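*Asks:* As annotated by Swiss-Prot, disulfide bond applies to 77-156, 95-170, 151-167, with the evidence given as similarity to another entry. According to Swiss-Prot, the feature domain 'SCP' maps to 41-169. Positions annotated as signal peptide by Swiss-Prot: 1-22.
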């Protein structure tokens, strides 16, 4: 019995440390202002840590129109290709887009951090540090001219990575 309790305790701790707390889809919906704040705060916190520091980094803010566009992208459940430019042009501006997919629900902060962690393969003024590495998610998060964003999540039950998070940056 003691081993079972120890196992359950360790499992709970490990799940929390990996961004897989007991979440469900409702806990991650971006119609919730607390979730919007989590997303914006995480982006702005990470943007402040860019090295070298950006001289003119704009502060991100939530935009409901962009969030609706991200929702349309998430509803497509097309995890293999990004939304066509025509589907993410808002007010004449082509918005960037990031996807995060997982088999289990993850916090928004977990997904955003995973995009930002691509910085390990990026050198300012040069680009990717070696061929074949992914850095586009990182550059979307820290693009200095982006200042409005919106995100959405969808459950795609027919996909192996069924939790589909989308953020768009304008």
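Cβ atoms are placed via backbone N, Cα and C, with glycine included.
How about a rundown of where these features are and what they're close to?
*Replies:* Under the three-state DSSP scheme, residue 156 (disulfide bond) falls in the coil class. Its own atom aside, the Cβ of residue 156 (disulfide bond) has 17 Cβ atoms within 10 angstroms in the protein chains shown.
In sequence order, 66, 69, 88, 89, 168, 169, 170 are the residues of the chain that are 6 or more apart from residue 95 (disulfide bond) and have a CB within less than 8 Å of its CB.
Around residue 151 (disulfide bond), taking its Cβ as the centre, 28 other Cβ atoms fall within 10 Å, counting all chains.
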*Asks:* Express the predicted model's confidence over the domain 'SCP' (41-169) as a mean pLDDT, rounded to an integer.
*Replies:* 95
*Asks:* Output the one of 77, 167, 170 that, of all these disulfide-bonded residues, has the highest number of other Cβ atoms within 10 Å of its Cβ.
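*Replies:* Top count of Cβ atoms within 10 Å goes to 167.
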*Asks:* In whole Å, how far is residue 167 (disulfide bond) from residue 77 (disulfide bond) when you measure between their Cα atoms?
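*Replies:* Residue 167 (disulfide bond) has its Cα 14 Å from the Cα of residue 77 (disulfide bond).
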*Asks:* Where DSSP helix means H, G or I and strand means E or B, what are the helix, strand and coil counts for the domain 'SCP' (41-169)?
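*Replies:* Split by secondary structure, the domain 'SCP' (41-169) comes out as 45 helix, 32 strand, 52 coil.
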*Asks:* Whole-number answer please: how many Å between the C-alpha atoms of residue 167 (disulfide bond) and residue 156 (disulfide bond)?
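*Replies:* Residue 167 (disulfide bond) to residue 156 (disulfide bond), Cα-Cα distance: 16 Å.
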